[in-house]
Amino acid sequence: MGQPIAIEVRNVSKRYSDDPGLAPALDNVSVNIADNEFFTLLGPSGCGKTTLLRAIAGFEHVSDGEIRLAGETVNHLPPFKRRVNTVFQSYALFPHMSVAQNIAFGLEMQGLDRKTIPGRVDEMLALVQMEHLAGRKPAQLSGGQQQRVALARALAPKPKVLLLDEPLSALDLKLRKEMQVELKRVQQEAGITFIFVTHDQEEALTLSDRIAVMSAGKILQIGTPIDIYERPQHRFVAQFIGDINFLPGQLKRGEHNENIFVPNGMPVEIPCPPQGVNGSSVQLAFRPERSQLVAADQPHHLRGVIEAVLYVGTATLYQCRLNNDIKVMLRENNEGLNRGRAVGEPVAVHLPPQACLLMEA
């Protein structure tokens with residue numbers, strides 16, 4: 001990355017017990033996060049993402065390793081001395097205070113000149129587009145409005161980094177999508193680093209400049225949303241980010257020294273990317289939307305039968321049982337030219353080479 005580094009996490013581990021039989025909450029985690037970056041920690045419950053966020057904030061002491069903020073080691077510093085603020089899932093607004101008073105509270109605790117506080121509050125109200133609601137109490141606000149107030153309050157003291165612990169999870173789907181757009185806008189306008197924790201894959205792909213996918217206390221892969229979705233380096237990452245199918249089989253060399261995948265139990269040869277070793281057992285992975293359903297009499301394709309049809313509005317999902325008894329999920333966009341397909345219908349599946357990923361068996 002060409003930008004200056006905002007946060008450095010170096011070989012950080014966190015253990016809650018000295019019992020060697022218990023896995024650590026964080027296991028030798030390292031990552032650099034740039035200034036002004038929207039960086040997401042993504043993973044299932046219990047993967048360590050919130051523990052890492054809390055360690056950066058200073059709410060958790062690390063067992064090993066180092067956390068640096070703008071080049072300074074902060075392991076020994078309490079949270080209030082780290083120039084890092086946190087937005088929690090619960091928002092934690094003061095119910096007896098107005099919107100403006102909630103935003104001003106952190107500035108008052110910081111000892112800011114009282115003459116400058118109203119101007120800073122006005123800036124934050126404008127940033128989150130809530131000038132007209134400055135006098136309301138939290139109970140008079142919607143969930144999305146409360147989230148904006150919590151965001152404004154956290155940004156008001158001008159932290160170096162803002163940490164967000166699943167702040168959208170309590171909102172309904174429509175409001176959550178609206179707030180995703182708002183959150184990205186606020187981050188770009190505020191011009192500071194956001195570190196965002198979520199288990200929602202779509203949320204991570206939508207918001208992030210880069211994503212770290214975590215499992216069992218480890219970071220498995222760091223990359224842009226396109227890298228993570230299109231080029232997963234681990235089976236867990238491939239399965240956790242979106243839907244994906246796996247076919248076991250063998251690699252061999254074609255006539256022109258290209259890679260050819262032969263699925264187990266099927267006399268089909270599928271051109272695939274230049275990965276792997278000739279003769280090695282591998283898994284061919286492909287996304288449902290990257291495959292193409294074609295007529296069953298087409299040669300050189302996977303063959304199978306449709307077992308289930310799921311209409312999802314803009315697309316239809318087809319669960320197919322291939323002739324080697326492997327089940328795969330396929331997706332077709334619902335366009336005017338598409339004809340409906342029925343359960344029991346024989347089909348063939350075309351996999352373009354660019355749709356194929358090779359992974360270890």
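Here the Cβ of each residue, glycine as well, is placed from N, Cα and C on the backbone.
So that you can see what the record holds, here are the features copied from Swiss-Prot:
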- Gly43, Pro44, Ser45, Gly46, Cys47, Gly48, Lys49, Thr50: ATP binding site (BINDING)
- 7-241: domain 'ABC transporter' (DOMAIN)
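Overlay of Swiss-Prot annotations on the structure.
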| residue | record | Cβ within 10 Å |
| --- | --- | --- |
| Gly43 | ATP binding site | 29 |
| Pro44 | ATP binding site | 13 |
| Ser45 | ATP binding site | 7 |
| Gly46 | ATP binding site | 14 |
| Cys47 | ATP binding site | 24 |
| Gly48 | ATP binding site | 24 |
| Lys49 | ATP binding site | 28 |
| Thr50 | ATP binding site | 21 |
Shell of the ATP site beyond Gly43, Pro44, Ser45, Gly46, Cys47, Gly48, Lys49, Thr50, same chain only (C-beta within 8 angstroms of their C-beta centre): Thr51, His199, Met214, Ser215
Averaged pLDDT, computed only over the residues in the domain 'ABC transporter' (7-241): 93
Assigned element (helix, strand, coil) containing Thr50 (ATP binding site), judged by DSSP: helix
